[in-house]
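Copied over from TrEMBL, here are the features:
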DOMAIN    1-115  domain 'MTTase N-terminal'
BINDING   Cys10, Cys45, Cys78  [4Fe-4S] cluster 1 binding site
DOMAIN    150-381  domain 'Radical SAM core'
BINDING   Cys164, Cys168, Cys171  [4Fe-4S] cluster 2 binding site
DOMAIN    384-455  domain 'TRAM'
Amino acid sequence: MKFNVLTFGCQMNVHDSDWLIRAMESRGWKAVDESEANIFIVNTCSVRDKPEQKVYNILRRLGHLCTSPGDFVAVGGCVAQQIGEGFLEKFPYVRLVFGSDGIAKAPQYLEELAVDHEKRLVVNDFLAQYPEREGGLADPNEELLPPGIGTIPGQAFVNIMQGCDNFCAYCIVPYTRGRQKSRLSSAIIDECRALVKAGIREITLLGQNVNSFGLDKNGSDLSFSQLLYKISEIEGMERIRFTTSHPKDIAPEVVKAFGELPNLCPQLHLPVQSGSDNILKKMGRKYDRARYLGIVERLKEACPDIVLTTDIIVGFPGETDEDFEQTMDIMERVRYESSFSFKYSDRPGVAAVKMNPKVSEEVAQKRLTHLQERQKQITRECLEELTGKDMVVLLERPSKRQEAGGVSWRGKDSGGRVVNIFFEGSDETLQLGGKLIKVKITQSKNHSLVGSKVGDPW
Ligand code: SAH
Ligand code: SF4
Ligand code: F3S
């Protein structure tokens, strides 16, 4: 069967789609461009209204591509969890809807639907345990799935948990991903070990709130810091990252790990959401700016080179100019190297829907533009400070922009910064994906660095 996967949303959705592609390819299906596909899988995101609306537009478009009786659309991810049955009612060519826990069985259902053209299914039940997937290596007889088409050589993501228990007032994720379920640490460690054996050099541990890993197991399994230490010991493990961290749950041992573990990358995404105590309280984030800044200080003490990034929401209900100024102020204090910032968006069923007054679109947009302009400057300044420095880069793929006389490759340093390196005299036959190389930074740009190689890749 020829299939196409379209993905929206966070790293977890990207990873889910990647897994699904590999699982289907291992069953003999072929991932192809949309124009050639018979089966269309849309992995959706519901975090703001815009990505949700996009799903309906895409489904209408895909309807025109379902021309033979065997053609159909499967909708997965957070909008699927949210709308469920509704997709079957509204779109006759949607024949599978699978939510957050349903994805583990999606390959089996896709195969069934490809044979039985009458069948339509919704798989939206939340399960009590973390649903292990094939290739997840909870079963020692299983094998790692081979890398998929979109994967970056040398890098892999490993799920450590599913869901979220925090119910931040603005957020739909606890409803779409369900309650927090940590995966067994032994399955995680086995998967990491197998990935390293297969040549992976950088692993990113994934979860909505990795710092609360294990808390749902009442101490019967490792804590997140213990898990980090265990993974760090795996022979050949060169780089570890994790995302996302909720500031309220970051343990002192995790902060310490940044100073102690040589293979834990000096990079942390620590969503602040707002710099105003008043707004943080309404958001239900359970920390205030003093506590957040204290964590940042200790992180910088433990690891002076740490690269901090964040998420910020502007225009949360009741946000005043003063509240917004506090957010700008926290940006100045922390000096995030980059940030994702969003205008607050009402989501069905979340607590903030009922909070007033709403901030007008115009004011929210003005605040967002102002914040993003300032972030651009800070990013540029942070990158400028790096010129002349030596760093190790994990090479990913040829750069988008190429020049005559050689070939340029893009990779990331341990801080997660994009670095482009020019290999003079080489051409597109050069294969460097997954290799490490030492470089000297020669130039900084708005969002990336340019480096020249010092020594050979390994
Ligand atoms: N688990 C992660 C975030 C997942 S959602 C965490 O707790 O940090 C990713 C980001 O989307 C959030 O950090 C938040 O900044 C943003 N977001 C979530 N709900 C939103 C909403 N209703 N409107 C605007 N932005 C939102
Ligand atoms: Fe959403 Fe808050 Fe959970 Fe993050 S921690 S997923 S923002 S509810
Ligand atoms: Fe979106 Fe679901 Fe991720 S709502 S951000 S895809 S957890």
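The backbone N, Cα and C atoms fix where each Cβ goes, and this holds for glycine too.
Keep in mind that this is a model prediction, so the values were computed, not measured.
Apart from Cys10, Cys45, Cys78, the [4Fe-4S] cluster 1 site neighbourhood in this chain, defined by C-beta within 8 angstroms of the site C-beta centre, holds Phe8, Gly9, Met12, Asn13, Thr44, Ser46, Val47, Pro51, Gly77, Val173, Thr176.
Each residue of the domain 'MTTase N-terminal' (1-115) gets a DSSP state, and the totals for helix, strand and coil are 60 helix, 25 strand, 30 coil. In sequence order, Asn166, Phe167, Tyr170, Ile172, Val173, Pro174, Gln208 are the same-chain residues whose CB sits within 8 A of the CB centroid of Cys164, Cys168, Cys171, the residues recorded for [4Fe-4S] cluster 2 being left out. Ligand 1 lies within reach of Cys171 from the binding-site residues Cys45, Cys78, Cys171, judged by a C-beta closer than 6 angstroms to any of its atoms. Checking the binding-site residues Cys10, Cys45, Cys78, Cys168, Cys171 against ligand 2 with a 6 Å cutoff on the Cβ atom leaves Cys168, Cys171, in sequence order. Distance between Cα atoms for Cys164 ([4Fe-4S] cluster 2 binding site) and Cys10 ([4Fe-4S] cluster 1 binding site): 14 Å, as a whole number. Other Cβ atoms within 10 Å of the Cβ of Cys10 ([4Fe-4S] cluster 1 binding site) number 18 in total over all chains. Across the domain 'TRAM' (384-455), DSSP helix (H, G, I), strand (E, B) and coil residues number 1 helix, 38 strand, 33 coil. A mean pLDDT of 95 is what the model gives for the domain 'MTTase N-terminal' (1-115). Just so you know, of the binding-site residues Cys78, Cys164, the Cβ with the fewest other Cβ atoms around it within 10 Å is the one at Cys164.
For Cys171 ([4Fe-4S] cluster 2 binding site), the same-chain residues 6+ apart in sequence whose C-beta sits under 8 angstroms from its C-beta are Val47, Cys164, Arg347, Val350.
Cα of Cys78 ([4Fe-4S] cluster 1 binding site) to Cα of Cys168 ([4Fe-4S] cluster 2 binding site): a distance of 17 Å. Residues Cys78, taken from the binding-site residues Cys78, Cys164, Cys168, Cys171, are distinguished by a CB atom under 6 angstroms from ligand 3.
Separating the Cα atoms of Cys10 ([4Fe-4S] cluster 1 binding site) and Cys168 ([4Fe-4S] cluster 2 binding site) is a whole-number distance of 17 Å. Note: the CA-CA distance between Cys168 ([4Fe-4S] cluster 2 binding site) and Cys45 ([4Fe-4S] cluster 1 binding site) rounds to 17 Å.
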